[in-house]
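Just below is one structure, and these are the notes that go with it.
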Amino acid sequence: MKKFNILIALLFFTSLVISPLNVKANENIDSVKEKELHKKSELSSTALNNMKHSYADKNPIIGENKSTGDQFLENTLLYKKFFTDLINFEDLLINFNSKEMAQHFKSKNVDVYPIRYSINCYGGEIDRTACTYGGVTPHEGNKLKERKKIPINLWINGVQKEVSLDKVQTDKKNVTVQELDAQARRYLQKDLKLYNNDTLGGKIQRGKIEFDSSDGSKVSYDLFDVKGDFPEKQLRIYSDNKTLSTEHLHIDIYLYEK
């Protein structure tokens with residue numbers, strides 16, 4: 001019994017010594033990453049306005065059980081007569097970063113959840129085609145029994161803030177990062193004015209979003225590492241059509257006002 005008590009005491013003492021060192025190491029890593037983040041001031045007003053428009057002013061495209069064998073280029077899929085509720089659009093052209101990805105979904109029943117753009121969009125009905133990058137998942141065998149709410153951990157200047165569970169939801173077992181990111185940035189723009197200029201109440205200057213799945217998969221974006229001034233280039237980050245398992249999935253967001 002005496003040996004057992006000594007062992008417990010040693011384990012307790014060891015945990016006291018080791019734990020602070022681990023925390024400090026993690027804090028050092030986070031501080032380095034924080035310094036590497038891009039600043040809002042690096043972006044033009046046009047870029048910020050278009051990011052705001054893409055994520056907050058427009059609704060994402062949502063389609064279920066769609067199929068097409070049509071293509072414009074080898075790395076695209078063309079869905080003719082896709083839209084029934086948008087007056088200005090008729091066809092949908094989805095771009096991928098490889099022809100292999102397009103072939104994988106060609107003539108398959110799929111669900112789509114991408115953010116659209118129309119400037120410099122070519123391939124379908126002239127002036128009546130919306131373009132996207134990725135946002136595609138299989139329709140068969142990928143549905144949850146009920147919609148799942150994805151928890152968000154939010155830190156602003158290192159202080160954790162409470163976020164309600166209704167901000168990001170999905171009905172898929174495997175979901176594209178784009179579907180999650182579209183909802184998360186919509187929340188950040190509407191509630192925290194993420195892409196507003198300073199004069200319009202945009203206090204956030206730098207930020208990072210991470211999507212962390214139970215299988216160890218992780219995808220992260222620098223929220224102000226924005227390519228170009230227009231959605232045609234800004235949304236290209238989704239052309240890889242990355243997906244994550246929704247089992248034990250959560251989102252971590254780090255925002256800084258300086």
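Glycine too: its Cβ is placed from the backbone N, Cα and C atoms.
The record from Swiss-Prot ties His248, His250, Asp252 to Zn(2+), and of the options Asp191, Asp198, Asp212 it ties Asp212 to that site too. Within the same chain, residues at least six positions away from His248 (Zn(2+) binding site) with a Cβ under 8 Å of its Cβ are Ser213, Ser214. Cβ environment of Asp212 (Zn(2+) binding site): Lys218, Leu249, His250, Ile251, Asp252 lie under 8 Å away, each six or more residues apart in the same chain.
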